[in-house]
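Only one structure is covered here, and it is reproduced in the block below.
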Amino acid sequence: MTSIAGFCLLLVGVILAVHVATSEQEMKRSFAGLGCMGVYDKAKFARLDRVCEECYQLFREPDVHTLCRSNCFKNNFFTQCVDALLLQKDQQRLDTMVEELYGRR
């Protein structure tokens with residue numbers, strides 16, 4: 001019984017590791033696909049993406065998430081989402097994240 005439980009735990013661990021690796025690769029592909037040319041930072045990318053996801057949840061319009069993320073979040077739609085989500089107090093920090101991920105000056 002102990003060896004079966006150990007095997008099951010090992011199997012779950014392997015499945016989780018594969019899932020995390022796949023998610024990481026998908027995020028990096030998404031990063032490049034959005035035109036981001038800066039340094040990939042998982043936490044910053046996830047934070048900006050969460051703003052767009054919350055904006056989509058608020059408006060429930062199919063194109064909101066895509067438009068918000070376009071041009072590596074460097075667009076007026078992203079700024080409007082920040083306003084709609086009442087995140088103006090975070091605007092400067094979010095803008096800095098966008099500039100770092102965008103990477104072009």
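Placed from the backbone N, Cα and C atoms, the Cβ positions cover glycine too.
Reviewing Cys72, Cys81, the cysteine that TrEMBL connects to Cys36 via a disulfide bond turns out to be Cys72. Cα proximity to Cys55 (disulfide bond) (within 10 Å) is found for the following disulfide-bonded residues from Cys36, Cys68, Cys72: Cys68. Taking the Cβ of Cys36 (disulfide bond) as centre and 10 Å as the limit, one finds 25 other Cβ atoms among all the protein chains shown.
The two recorded residues, Cys36 (disulfide bond) and Cys68 (disulfide bond), show a Cα separation of 14 Å. In this structure the alpha carbons, written CA, of Cys72 (disulfide bond) and Cys81 (disulfide bond) are 14 Å apart. In sequence order, Val51, Cys52, Glu54, Cys55, Val64, Cys68 are the residues of the chain that are 6 or more apart from Cys81 (disulfide bond) and have a CB within less than 8 Å of its CB.
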